[in-house]
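Here the structure comes first, spelled out in structure tokens, and everything after it is commentary.
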Amino acid sequence: MTTSSATPDQHGSTAPTGETPLVPVGVLGARGRMGTEVVKAVNAADDLELVAMVDAGDWLFDVANAGAQVVVDFTRPDVVMDNIRFCIDNNIHCVVGTTGFDEEKLATVAEWLRPKPGVGVVIAPNFGIGAVLLMRFAQEAARFFPSTEIVELHHPNKVDAPSGTAVRTARLVAAARRAAGLPHPPDATTDSLPGARGADVEGVPVHAVRLTGLVAHQEVLMGAAGETLTLRHDSYDRASFMPGVLLAVREIGRRPGLTVGIESFLGL
Ligand SMILES: NC(=O)C1=CN([C@@H]2O[C@H](COP(=O)(O)OP(=O)(O)OC[C@H]3O[C@@H](n4cnc5c(N)ncnc54)[C@H](O)[C@@H]3O)[C@@H](O)[C@H]2O)C=CC1
Ligand SMILES: O=C(O)C1=N[C@H](C(=O)O)C[C@H](O)C1
């Protein structure tokens, strides 16, 4: 199947005049909550072709055998590194939404990419445009407020806590606070139950709520003398992540190396 356009495809392959080949896409975690939504979104896109759906117990080689040029990974923090390694080794670009990345894992991926200058990997804790903007707004506002705390709220089937988005937001806020020379936020607590003040992510308290009925939500609360600022984002449906995922799938062939977050794809 082809679309009718004269432009070359994002991977640089040559197309017959007037036609652009569809980008072959594989989905890892294809039977999961996010994978199911990605499969629907890829099938609905005129310029993409779903060539492989892989879930736990399936053969990873299927994505390479099917000729996938881009793989989308929404699996689990404990398996995603093996998947990325496989894709890089097989010259397949990766769009990764799976969470659980720290600086060490990101450095490892960057190292794997070094001998593969044509391969791109984007790892984004959140593909929701509103969530990306929330992170940016929090980063901008952080230096004006002595106190910042983060509350993330998710469905109870989520395996990781705090969320990848909350951890990244906390790190961005912490970096902005450091750059502005802000001291540790005021907090007189000396007596508390374990966990009552949340997880400490680079000095920013992060609180995780797991509640039936929720999808993915985050509040960043900032306080100064006599005022507070609350930034909130809500994903009510996993469809909210799809414009960002499809943008990354279309863009990643032009972005060799490691990209963290989709901010640069959005021109932010
Ligand atoms: N970046 C973003 O915008 C978003 C990220 N996420 C993250 O995506 C990940 C998945 O979330 P959900 O879809 O809710 O989880 P889920 O549990 O519904 O889906 C994960 C799927 O991966 C499969 N899987 C496990 N091991 C595998 C392997 N080795 N190869 C292929 N498939 C394998 C599981 O069988 C399951 O079907 C989580 O880390 C979550 O935090 C979720 C939503 C948005
Ligand atoms: O597991 C989820 O659902 C989500 N995971 C991501 C995260 O951990 O930040 C993104 C979003 O919050 C939904």
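Placement of Cβ uses the backbone N, Cα and C atoms for every residue, glycine included.
Please treat TrEMBL annotations as automatic predictions, because they have not gone through curation.
As annotated by TrEMBL, region 'Disordered' applies to 1-22. Taken from TrEMBL, the feature compositional bias 'Polar residues' covers 1-17. Annotation comment: TrEMBL describes 24-127 as domain 'Dihydrodipicolinate reductase N-terminal'. According to TrEMBL, the feature NAD(+) binding site maps to GLY29, ALA30, ARG31, GLY32, ARG33, MET34, ASP62, GLY97, THR98, THR99, ALA124, PRO125, ASN126, PHE127. The domain 'Dihydrodipicolinate reductase C-terminal' annotation in TrEMBL covers 130-265. According to TrEMBL, the active site, proton donor/acceptor annotation covers HIS154. Among the features that TrEMBL reports, (S)-2,3,4,5-tetrahydrodipicolinate binding site is placed at HIS155, GLY164, THR165. Among the features that TrEMBL reports, active site, proton donor is placed at LYS158.
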Please list the DSSP helix, strand and coil residue counts for the domain 'Dihydrodipicolinate reductase C-terminal' (130-265).
50 helix, 40 strand, 46 coil
Could you measure between ASP62 (NAD(+) binding site) and GLY164 ((S)-2,3,4,5-tetrahydrodipicolinate binding site) for me? Cα positions, answer in whole angstrom.
28
Helix, strand and coil totals (DSSP H, G, I; E, B; other) for the domain 'Dihydrodipicolinate reductase N-terminal' (24-127):
38 helix, 24 strand, 42 coil
Compared by Cα position, which of the recorded positions HIS154, LYS158, GLY164 is the closest one to GLY29 (NAD(+) binding site)?
LYS158
With every protein chain in view, how many other Cβ atoms are within 10 Å of the Cβ of THR98 (NAD(+) binding site)?
26
Rounded to the nearest Å - Cα separation of ASN126 (NAD(+) binding site) and GLY164 ((S)-2,3,4,5-tetrahydrodipicolinate binding site)
8
HIS154, LYS158 as active-site residues, winner by CB count within 10 A:
HIS154
Distance check, please: Cα of HIS155 ((S)-2,3,4,5-tetrahydrodipicolinate binding site) against Cα of ARG33 (NAD(+) binding site), rounded to an integer number of angstrom.
11
Between any two of GLY29, ALA30, ARG31, GLY32, ARG33, MET34, ASP62, GLY97, THR98, THR99, ALA124, PRO125, ASN126, PHE127, the residues recorded as binding NAD(+), what is the biggest Cα to Cα distance in Å?
27
Filter the candidate list GLY29, ARG33, ASN126, GLY164 of binding-site residues, keeping only entries whose CB is under 6 Å from an atom of ligand 2.
ASN126, GLY164
